[in-house]
Every structure is written in structure tokens, then in C-alpha cells.
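Single-structure report; data block below.
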């Protein structure tokens, strides 16, 4: 019998990707296509859904060409996606009624300010989220209120809403399936994560018709069949990108935690079947497999890798990002310099939009190497901030941090991360954890892999970083960071700008 394969569709914020995996989780082929970012007004960020669709089809074809396999041997498809980004389309024509409003878009702040002032506790208790333009709910309301005939069509059932996974499943199945999974639904700010259903009271508050919303299903089951590649292939896995990365890190047990270092960083802690509430972090659904639901705590750090980009492009201190590691390693320590990357405020656990970036502790002896080191160290300090709150609010002791994303390749940073956390930092062999996670979910539901235990055997470690720093020095460094953050907080409110 011919060997079968799983293809992961990974629709991100800047590009559409596809990766072909075999049963041993080897990567056979990768396809990637970037698409346009639209900024029609300050605070607005949009994508063209049709451009995403075309980019995704090209990525699938590229991945299959590179894999050099018979297309008839694709057993199933998994879809992972940028979360919260909102698409609405006409069910008759299949065409979007407006561009996709991206998770970064801030135009709906007046809506969410109203919700925060009047319904904060209700929304937090039911959805696990804090009212913010980040999530889908206010984006849906904006489209219904501002696009001609949108509300009228929605009331008649002529319009559908979806996060990007839902839109792609609709397109792949030629309009036969209008579905999402628990993890994506939990990022809309409309889904009751306790009852596992759309929350009618929140829908009424926002005047959103329930008829436009997709069916919500577990993250590993057959949602429909993709009519592409001249065959009918089951779409059998679906998860938001950060939840897929948690699954791809084999973080199946309560207390398992991962940090993805990208432009910003996302930290997710598996809290098992326990729905843990936190004032400083988001409560979300990690995944649903079978009849069980796994919950997670999430901390979002706004600026990590973007600080390296600023050091490269803004200060022109380095030519390419990879140069920061040897530069930072050329000095034995930070020389008393701290860098707080509050370019757009601070996320978890501070949630201060008025904080601003700060470099402090500069002396005549400070060099760009000290600043480079302070930038890398800021990523580790912010991770420590979030993990501290996670342990406090969940009551779960965290023993190790699993890492992925671009900056996790930086050995100096990973060693400092282990030192400052006083815990092991574990880096996997395959860094494509998001795509791998949804490939696993897709393969499980069609029997490609028989169990999560089987998947554990296939996951391989690249390196484990053990903590080496003494306690007194660790505490001194971290107290310096906390003092630097204190000085950055509220800056824009104090002096304006």
C-alpha cells in the first residue's frame, strides 16, 4: 500500500503556507506565499480574503511539488490560522462583503471601551477574554453597522461570518461546510467557553444575529471534504495558530507550557480540564479532542522579535538580525543596562497602553553590545513576568518551558531564559510546531496516528538548556528589570504622545 501523508495549511498574518508531513513527522515539502497588508487609515489593518485564498492554493501546490509525492496519497488536511481576524461573505456569490479585518486592527476601540465599562465581568466570566479590538466580536459589529445592506442581509441569513479557518473550509468545500473549532471560537469574544456554545446574551448586547455564526466542533474531526487536487480530501483538523503550536509541542499534560517567540511572544499553559480565571491573563480553549476539552491560560507579549528588528532597522546597529547574538555575547553581562520594549505599550501582565520604550542604566562605558544584550534579556524577563502570573493564578508548578519561533534558535537567549526562570528550556528538533500541531490533529481523526501517546514518541528534542545562574544574581537582575518597567509605565499619559 502506498504511503499516505498529511498536509497542514498554515494561514498566518503575512503569508499563506502549506507543509507536507509523513507519518514520522518529517517535513517533505513547504510552500509559502506572502500577501498584501492594507492600511486604509491609521489604526486600520486589512487583508483581501480572496488574495489569501489564491495565496493558499499556490502554497499547497508548491508544497506538493517540493514533496514529490503522488497527490492522491494525501490522506487529510489540517488548517491553522491567524486568530481573531474576521471575514464576512455573501453566501450566494461566495464573495467577501468587505476586506478581512485583521487582529491588529484598532478601529473598534470605541465599541470595546463601551463593553469594558458596562459588561467587563460578564464577558470575562463567559468568554475568558477582556473586551478589546483584538477579538472578532467588535469587528463583526463594525462591518454590520458600516457596510451598506450588511445588517439587512445578515438578518435574512444571506451573509456568513468566519475566522480565517472557517472561510478557508467554506472555500475548500465549495460552500458545503460552515464550521470552526473550539479554539478559534474561543477567540471571538462571543463563545461561552463554559457551556461550549455561542453566548446569546453577548450576541444581543452587540446586536449580532446568531445565524451568521459557524457551527463549532472539536479540533480533531472531519468537517468536510476539500474538492481540490482532483480528489476529495477530508479536512480533519482545525486550530488557532497558538493552540496548534501548543499541541505541536506535545504539551498534552496539565502544567505543560510553551513560548513562541515571534514579532511578539505568545505563552500558553495547559490547565487541563480546569478553566482557570485570571485578571492579568486570558483564559482560552486549547483544543477539543474526542469528548474532552483542554483549557489554557495565555499571555501575550507585544514586542520581542520586533525589538531586534528595531535595533537593526531603526538604530542600524546591525545589518541582519542574526548578528545580535554574537554582538550580545561579546560582553559578559548587560553592564547594568535594561531595555523595556514598550513601543506600543505593554501587554501581559501589565496591560498598560501608555507605557513607552525605555533604555536605562547607560554610562560612558555602555556600548551597542550592552544594548544588544539588554534587548535579548528583555524577551526573557517578559516571559518570566507571564510565567510568574500563570503559576500564581493556576496553582500549577511549571517545571520546564518548551520554546519555538525565530528567537528560540538563539542559544545565548535560551540559556539566559533558563537562568532567569530557574527552569529547563526545551527546544524541539522541528521548529514548525504550529503546522505540525494541526497536522497531528488532522491525522488523529482519520486514524493516521492512533493516539496522542503515539505522537509523543515521534516528538524529538534538539537541546535542553539547564539553569546555571546563582539565586542572588538572578534576583538582582530581575529586580532591576522590575524597576525599569516601573519607570516605563504610564509615560505617554504623563508627558503625552
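Backbone N, Cα and C define each Cβ position, glycine as well.
Per Swiss-Prot, these features apply:
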type    : residues                       : note
BINDING : 13, 83, 84, 134, 241           : sn-glycerol 3-phosphate binding site
BINDING : 13, 17, 263, 305, 406, 410     : ADP binding site
BINDING : 13, 14, 15, 263, 305, 309, 406 : ATP binding site
BINDING : 83, 84, 134, 241, 242          : glycerol binding site
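Residue 263 (ADP binding site) and residue 309 (ATP binding site) have their C-alpha atoms 9 Å apart, to the nearest angstrom. For residue 305 (ADP binding site), the same-chain residues 6+ apart in sequence whose C-beta sits under 8 angstroms from its C-beta are 261, 262, 263, 264, 265, 321, 379, 405, 406, 407. For the binding-site residues 15, 242, 263, counting C-beta atoms within 10 A of each C-beta gives the highest total at 242. Residue density at residue 309 (ATP binding site): 12 other Cβ atoms are found within 10 A of its Cβ, drawing on all protein chains shown. Between the CA atoms of residue 83 (sn-glycerol 3-phosphate binding site) and residue 242 (glycerol binding site) there is a gap of 8 Å, rounded to the nearest whole number. The CA atom of residue 14 (ATP binding site) is located 13 Å away from the CA atom of residue 241 (sn-glycerol 3-phosphate binding site). A Cα-Cα distance of 19 Å separates residue 134 (sn-glycerol 3-phosphate binding site) from residue 15 (ATP binding site). Considering only the binding-site residues 84, 241, 242, 410, the residue whose Cα is spatially closest to the Cα of residue 15 (ATP binding site) is 241. Using the Cβ center of 83, 84, 134, 241, 242 for glycerol, the list of other same-chain residues with Cβ within 8 Å runs, in sequence order, 82, 85, 103, 187, 240.
When Cα-Cα distances from residue 13 (sn-glycerol 3-phosphate binding site) are compared across the binding-site residues 242, 309, 410, the shortest belongs to 242. DSSP classifies residue 410 (ADP binding site) as coil under the three-state reduction.
Residue 17 (ADP binding site) and residue 241 (sn-glycerol 3-phosphate binding site) have their C-alpha atoms 12 Å apart, to the nearest angstrom. Comparing the binding-site residues 17, 406 on other C-beta atoms within 10 angstroms of each C-beta gives the minimum for 406. Mapped onto three states, the DSSP output places residue 241 (sn-glycerol 3-phosphate binding site) in helix.
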